[in-house]
Amino acid sequence: MEAPRSVGGRIQRKPLADCTNTVSRSSQQSSSSVKFANPSLTSSLKRLVEQTTLKEKPKDVNTSATAPEIASRPITTDVRPVTRRMSADLASPASAPSRPQTSRSDMGVSDKDFTEPWSVYTVRRKASGQKRSKDASSSTSAAARIRLDLSSSSGKKTRQASENKKKTLKVAPKKRQRTVKQEKEDPVSAACQDYIEKQKAYFAEIDAFELPVEEVSNSDSD
C-alpha cells in the first residue's frame with residue numbers, strides 16, 4: 001500500500017477502511033492476558049504453591065522410609081491462565097499469607113529434647129541441697145573441734161597446775177642449825193674504846209678535885 005501523500009506539507013490521514021495497523025481479536029485477548037499479568041501476582045502464586053507443598057510433607061522428617069517416597073512423588077501444580085476477572089480481583093494489594101505454624105515434630109525436634117532442662121534443674125537443686133548438707137556438717141565438725149580444743153586446753157591447764165604444786169614429803173625436813181658468827185675485833189673499834197675510857201677517868205678526877213675555901217675574919221675586914 002502506498003504511503004499517504006502530503007499536501008501542502010501536511011500528512012494526510014489514513015482512511016477509516018484501512019485496517020493495516022489494527023490487530024486481530026485473538027491477538028488482543030492474548031495481549032490483554034499478558035498485559036494484566038503482574039509479576040507480583042506470579043510471585044504470590046508461587047508462594048501459595050510452596051506453602052501447599054510444605055503442608056503436604058510428612059511430620060517425621062527423620063524417618064528413612066518416607067524420604068524416598070517424597071522425593072519420587074512429582075509435584076504437579078496446575079496454573080490456570082489469568083483472566084480479566086482474576087486480574088481485577090488480584091489487582092488489589094494481596095494480603096500477606098499467614099505463615100504456617102510449624103510444630104516441634106515438623107522441625108525434627110521431639111518433646112524429649114525440651115524436657116532436658118527440667119532434669120538439669122532438678123539436678124542443680126539436688127546439688128545445692130548436697131552443698132547445704134556439706135556446709136552444715138562442716139560447721140558442726142568445726143564446732144566439735146573447737147569444743148575439743150577448749151576441753152583439751154582446760155585439761156592441759158589443770159595438769160600443769162597440778163604439776164606445779166609442791167608435792168607433800170612423807171619424811172619431815174631436817175631443821176637447819178643456826179651458826180653464830182664470831183665477831184672479829186676491829187682495831188678501830190678497840191682504839192675508840194680506849195679513848196672513851198681515858199676521857200671518863202679524866203673527868204672523874206676533875207669532879208673529885210675540891211678547892212680550899214678561905215674564911216675571912218672581922219679583923220681583916222677592918
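A Cβ is built for glycine as well, from the same backbone N, Cα and C atoms used for every other residue.
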Inset, instruction - Look up motif 'Nuclear localization signal' in Swiss-Prot and report which of 123-130, 155-162 it refers to. - result: 155-162
Inset, instruction - Go ahead and report the DSSP secondary structure tallies for the region 'C-terminal Sororin domain' (192-214): helix first, then strand, then coil. - result: 17 helix, 0 strand, 6 coil
Inset, instruction - Tell me, roughly as an integer, the mean pLDDT over the motif 'Nuclear localization signal' (155-162). - result: 66
